[in-house]
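Features of the protein shown, as given by TrEMBL:
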- 115-197: region 'Disordered' (REGION)
- 140-154: compositional bias 'Basic and acidic residues' (COMPBIAS)
- 156-194: compositional bias 'Low complexity' (COMPBIAS)
- 202-266: domain 'DUF1899' (DOMAIN)
- 325-367: repeat 'WD' (REPEAT)
- 368-409: repeat 'WD' (REPEAT)
- 584-608: region 'Disordered' (REGION)
- 638-659: region 'Disordered' (REGION)
Amino acid sequence: MLVPLFDDDTGLLMLAGLGDTAIDCFEVSTSEPFLTQVSHCMTDASTRGIAMVPKLALEVISCEVTRVLQLTDSCIVPISYQVPRKNSGHEFHDDLYPDTVGTTPAMSAEEWWQGGNKQVEKVSLHPGKRPKPAAKQPPGKKELPSGGSKEDQPRGSSTSSSPLSTPSSSAAPSHSPSSTSGLSSGFLPSPSQSGKAIQNLMGTTSKFRHIQGAVMHRDKHITNIRNLNLTTPGECDGFCVNRQRVAVPLAISGGQIAVFERSGPGRQPDTALPTIQNSVNVADFSWDPFDTHRLAVAGDDAKIRVWQVPKGGLKETLTEPKLVLQGHTEKIYSIKFHPLASGVLVSSSYDLTVRLWNLESGEQVKVLTGHQDQVFGIAWSPDGKLLATVCKDGKVRVYDPRNSTAPVQEGPGPEGHRGARVVWVCDGKYLLVSGFDNRSERGLYLFSADSLSSGPIANAALNVAPSTLIPFYDPDTSVVILTGKGDTRVYIYEVVPEDPYFIECSSFNSPEPHKGLAFLPKTECNVRDVEIAVGLMLTKTTIEPVAFRVPRVKKDFFQDDVYPDTDVWWEPALTASAWLSGSNGQHKKLSLKPKDMTPVSEAPKEAPVRKYLPSSVYLEEKTDEQKKEELLSAMVAKLGNMDDPLPQESYEGVDDEEW
């Protein structure tokens, strides 16, 4: 739907479509051509609403003829339209600013009801002729501020530099609001003023808002992957990785899985590769976080097979698993290893049960009940004490599996029935669920882990797409990265335990739809490039590493505000038998700071420097004599000094006899 805004003084018509990223400006006249386009502004975000600022609030000295405010999903963006003039910033141009409608009412409501037709008195926009506000205001009335002078403008506000053509000149495209710049005094604002201005304009911002995702160099890619299985169940991530190798399901009979070593990237041979023959279709699979050689695979036959990949990778096809777990009566949805205890595995199945397994003994130890429909997702709490599930019956549940087979908490989840995922965030105090609403729109839902029954405390709608968003949460930065199988966009949010809860950051777009995105341990991040996450992206025939970096100025220093001590989650804190008997543990911490880097918090303070010259230098009008003198000086400097000898004068000739 197009939203029109018309300015009677200038005859300018603004048109913006709700949901579009363009704002068009036209000049309307009473003669042909009746409608002339004078500006086309491309914005950074979709338009949710648009409004025009009153004429008395314009910067008339800067030849600003109109200003609109664009409402987006997360902020309000001012877009300024200015006519380029020679003496812009010094003189008031009468031809651009006819007298405009004032702010004093022409009559009362009673007078209008009785047939009055008085007009509102017009006022001049000249800064020296502005009407001064009355000393006293009648009760219930409040005069609007003029806002025309620089003193009336809010400090730190910036406008989009969007040049507007006059009726006699050709149309000129406007700049994006992302390149906004206000009048400069020559110095950068102080960090506190700048932060307050941004917060007032855009609300709470994240230090990760400018995060950048980039695919690494091709020499780190694994290419020429053949017969990739693209039809894994929705509860499966598509493939799984650890710091040494990658497991990928193949569309070959027998549920075969290819294992690629990360230490040997490059083009894979066209010949057949050694694989893991699971004998049945793969429903889900997961690497043991504490053993990079152990892979658990759930199959269509309700069995879990545990495979042991030899050191150095697969040299021959594996046909016999090390362990087979039986107990489920129907197909298994998903499996997850315990984050702290070695040898503890949880699985969910079509038989509506969630079961715990002890890989040390190869036995089933618990059967959790209470689900009325398909279990979409399961997740362990960071301390390993609790287990959360999200179900197709519209419920989110939390279990204490060592003490009870029934849920200890239960609350309403996403209304959609197409799929969902759950992950613990904010030190295990909240649950983040990605799912669908009743209109099949994808969204995020945040629950307090202590009060699931009260429902989500915050939610964020994303878009309409068929695939379930798979979340990856980094507990060190509280950043969640989400994407779906078959998507091209990767969403990034910072999750905070207070309003607004979800802070949107820059997203990453892949050149083609990817089939999955899995992440590596934090130790794989290059802290010198301020990488906060490194993932592997699966496409139709390749596995490509993707680095997510935070732009920083002082990259020579270790960014200790981005890299707190991280968990050594690849080492178990306790054994399966110890955890099942009631013991608890926690991971050791590891600093990511290289020995030759200094924390940025200890960096020497630098004095503020002038980034560019004051505006008075650029706006100063030079006389014709000054311009002529500068031109002559430049020409003389280019020609050089006339008294200098010519180069050929230093050459030595030859004797006449030699001729």
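Just so it is clear, glycine is given a Cβ too, placed from its N, Cα and C backbone atoms.
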Surrounding residues of the region 'Disordered' (584-608) on its own chain - C-beta under 8 Å, 6+ positions past either end: 187-188, 340-341, 383-385, 522-523, 525, 527-528, 552, 554, 556-561, 563, 565-569, 571, 573-574, 578
Residues of the domain 'DUF1899' (202-266) by DSSP state, where helix covers H, G and I: 4 helix, 22 strand, 39 coil
The repeat 'WD' (325-367) - residue tally per DSSP class, helix then strand then coil: 0 helix, 26 strand, 17 coil
Local confidence of the repeat 'WD' (325-367) - pLDDT mean: 93
DSSP residue counts for the repeat 'WD' (368-409), split into helix, strand and coil: 0 helix, 18 strand, 24 coil
Secondary structure tally of the region 'Disordered' (584-608) (DSSP, helix then strand then coil): 3 helix, 3 strand, 19 coil
